[in-house]
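TrEMBL has this to say about the protein:
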{"type": "DOMAIN", "residues": "48-272", "note": "domain 'TLC'"}
{"type": "TRANSMEM", "residues": "16-35", "note": "transmembrane segment"}
{"type": "TRANSMEM", "residues": "47-74", "note": "transmembrane segment"}
{"type": "TRANSMEM", "residues": "94-112", "note": "transmembrane segment"}
{"type": "TRANSMEM", "residues": "141-162", "note": "transmembrane segment"}
{"type": "TRANSMEM", "residues": "168-192", "note": "transmembrane segment"}
{"type": "TRANSMEM", "residues": "204-226", "note": "transmembrane segment"}
{"type": "TRANSMEM", "residues": "246-268", "note": "transmembrane segment"}
Amino acid sequence: MSFLTFSGFTRMAEDLFSYFFFLGLVAYPSFYYILRWFLVHIWKMEFCFAVYLTARLVSSVQAIMASTVGYIISTSCKHIIDDQHWLTSNYTQFAVPYFIYDIYAMFLCHWHRYQVKGHESRCVEAQTLHTAIRAYLHKELLMVIHHLFMVLVCFPVSVLWRQGKGDFFLGCMLMAELSTPFVCLGKVLILYKQQHTLLHKVNGMAMLVTFFFCRILLFPYMYWVYGQHVGLPFYRVPFSIPAEYNLGSAILMAPQIYWFGLICRGAFRVFRARGTTKEQVLRNGHRMDTQALD
């Protein structure tokens, strides 16, 4: 019995941690450090800027890969339950280490962000590792929890518990990353104090649209597709599937709604600042400096 248990554990470990998983563990940090070295030593970029920009570039590349793979999977699966695609499990194992890497990359960005923004007087707070970690977790706790949930819950579920079913839905969820490059570009533009340019405005609109369609409407869309497949109206789908499916969808969707609210609030602040600036120009005859958004 113990041999069978050990054998089963071994098979489970092999399913979870294939060479694609270890390839991802090496690929993302390596890409980060190589790109950062290039920006610092070849482009002569300031280290703080290089840390921030490199992290955003790696996230954007990962997002483009994930959304492309997701599109290939979802369009290849004609039967939304039974059809399988070889990229599903392989890319999932390659992509999951990204979330582990990104927790570290976000911390590096947090550690250097005051220097990047030119707030040198506040850098003292980030000098001690303990203080920096506490401040980082206080600011990015939801994102860290989201990343850990993806690694500790979603990864085992997608590789083991699905048993090869529902590749179509996993492909749809990978396409949620389509909004990430726009989020990253927006942060880079703010880094370079370009938040009042036309590019920032256009990127902000693209970010709002892609985030809404790919992350907010994603779950209602998957419920609707399943309803069409089994012949149920949309409103009856949540009551016809296991409760854990609804719970998982709610857990994944909740932070997306929260982040979308933050994006909308940020967009409102930008447009309100533009309106205030124009009013000041008309009233005073010259343009007042506006404070950069955080």
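From the backbone N, Cα and C atoms, a Cβ is placed for every residue, glycine too.
Heads up, TrEMBL stuff is auto-annotated, nobody curated it.
Three or more CB pairs closer than 8 A are found between the transmembrane segment (168-192) and the transmembrane segment (47-74), so contact between the two stretches is assigned (pairs 6 or more residues apart).
By the Cβ criterion (under 8 Å, sequence separation of 6 or more), the transmembrane segment (141-162) is in contact with the transmembrane segment (246-268), since 3+ such pairs are found. Tallying C-beta pairs under 8 angstroms between the transmembrane segment (47-74) and each of 16-35, 94-112, 204-226, 246-268 places 94-112 first. The average pLDDT computed for the domain 'TLC' (48-272) is 91. Long-range contacts of the transmembrane segment (204-226) within the same chain: residues 67, 80, 168-169, 172-173, 175-179, 182-183, 186, 232, 234, 237-238, 241, 249, 252-253, 256-257, 259-260, 263-264, 266-267, 270, each at least 6 residues beyond the stretch ends and with a Cβ under 8 Å from a Cβ of the stretch.
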